[in-house]
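Remarks on the structure that follows.
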Amino acid sequence: MSKQILILPGDGIGPEIMAEAVKVLELANDKFQLGFSLAHDVIGGAAIDKHGVPLADETLERARKADAVLLGAVGGPKWDKIERDIRPERGLLKIRSQLGLFANLRPAILYPQLADASSLKPEIVSGLDILIVRELTGGIYFGAPRGQRELEGGERQAYDTLPYSESEVRRIARVGFDMARVRGKKLCSVDKANVLASSQLWREVVEDVAKDYPDVELSHMYVDNAAMQLVRAPKQFDVMVTDNMFGDILSDEASMLTGSIGMLPSASLDADNKGMYEPCHGSAPDIAGLGIANPLATILSVSMMLRYSFNQSAAAEAIEKAVSLVLDQGLRTGDIFSEGCRKVGTQEMGDAVVAALRNL
């Protein structure tokens, strides 16, 4: 029986970059005889326009039945004025929570060909390879109660809640330790245990889980210091594990150490490694339709999908090698362009990766 992959291009540049990723996926499917079948649907603003909601029930059901989901990006100014509960981003939060995608893996890798693209000195970032493991379905983004109320005198007050259960922390900690075990055997847990009760529990549980991983070196760091250390000396980190909000912020910061968020993929996994894969960048509505968006993060998300959800490491490595070969050829989209290289658009970059993959 064939494996089912649901394609959700989303909004903004999503359809453009997804078209290139699908070309690469289809070639890998044929080249490595993977037996995938692809289905397409809508999410985010595109779903609001079609169904009136950011994630239709039938789309969610298709995602549940699929073996993996490949997503582009959601959101845009067109939908900024509608009710908060039905904005495009709510579709993304809903599909993550409903599919139980609690573990978000966000690599920050500096390709040697792009060393000049980083805003930091080459000696600080050269060879950078960090993996941030972010808890994705708990914490302040999902906590209740939340809302607004009116205080005496008519002043408005807004409030959110940051809850974490022991089981939520334990399962994401295990993912962090498992990833560290097959990499550099170093795990840094990031929290704010000097202030937050949820972080105090987080640290206690991570320490307990560490007993099962004596071969992994565990350290703890407050989130404010971690944000500073990522800029000061990022290569001290191998795998970082942290909560939903801290991970959201730190992974975006880490991505810019590499020179372009347009290069970075991500994976969101459930307990069985079934997952949703998407680029780290957003929908970039300011360049949508111009044909200049960088498709490499989405193409590399295909590679992550093959590795983590389908255990197809040979196909994953081939895609990564194809991307590296294209960079060796000096092809660059505008976001990673530097003197001496050739600037190309979205489609030409995708075609180049396809050609490189075909010739491997």
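Backbone N, Cα and C atoms are what each Cβ position is placed from, and that goes for glycine too.
Quantities reported herein were computed from a predicted structural model and do not represent experimental measurements.
For Ile292 (NAD(+) binding site), other Cβ atoms within 10 Å of its Cβ number 18. Swiss-Prot lists 76-89, 282-294 with the feature NAD(+) binding site.
Less than 8 angstroms from the CB of Arg96 (substrate binding site) sit Leu136, Thr137, Ser268, Met276, each of them six or more residues away in the same chain. Among the features that Swiss-Prot reports, substrate binding site is placed at Arg96, Arg106, Arg134, Asp224, with the record citing sequence analysis.
Around Tyr141 (site 'Important for catalysis'), the same-chain residues at least 6 positions away in sequence with a Cβ under 8 Å from its Cβ are Leu93, Asn244, Met245. The site 'Important for catalysis' annotation in Swiss-Prot covers Tyr141 (among others).
Cβ neighbours within 10 Å of Lys192 (site 'Important for catalysis'), excluding its own Cβ and spanning all shown chains: 20. The site 'Important for catalysis' annotation in Swiss-Prot covers Lys192 (among others).
Annotated Mg(2+) binding site per Swiss-Prot: Asp224, Asp248, Asp252, in sequence order, evidence recorded as sequence analysis. Taken residue by residue with DSSP, Asp248 (Mg(2+) binding site) is part of a helix. Sequence-distant neighbours of Asp248 (Mg(2+) binding site): residues of the same chain at least 6 apart with a C-beta under 8 Å from its C-beta are Arg134.
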Protein Cβ atoms within 10 Å of Asp224 (substrate binding site), excluding its own: 13
Around the Cβ of Arg84 (NAD(+) binding site), the count of other Cβ atoms that are within 10 Å: 7
Pro88 (NAD(+) binding site) CB neighbourhood, other CB atoms within 10 A: 26
Cα-nearest neighbour of Asp80 (NAD(+) binding site) within the listed recorded positions, Arg106, Lys192, Asp252: Asp252
Collapsed DSSP category at Arg134 (substrate binding site): strand
Greatest inter-residue Cα distance in Å for the substrate-binding set Arg96, Arg106, Arg134, Asp224: 27
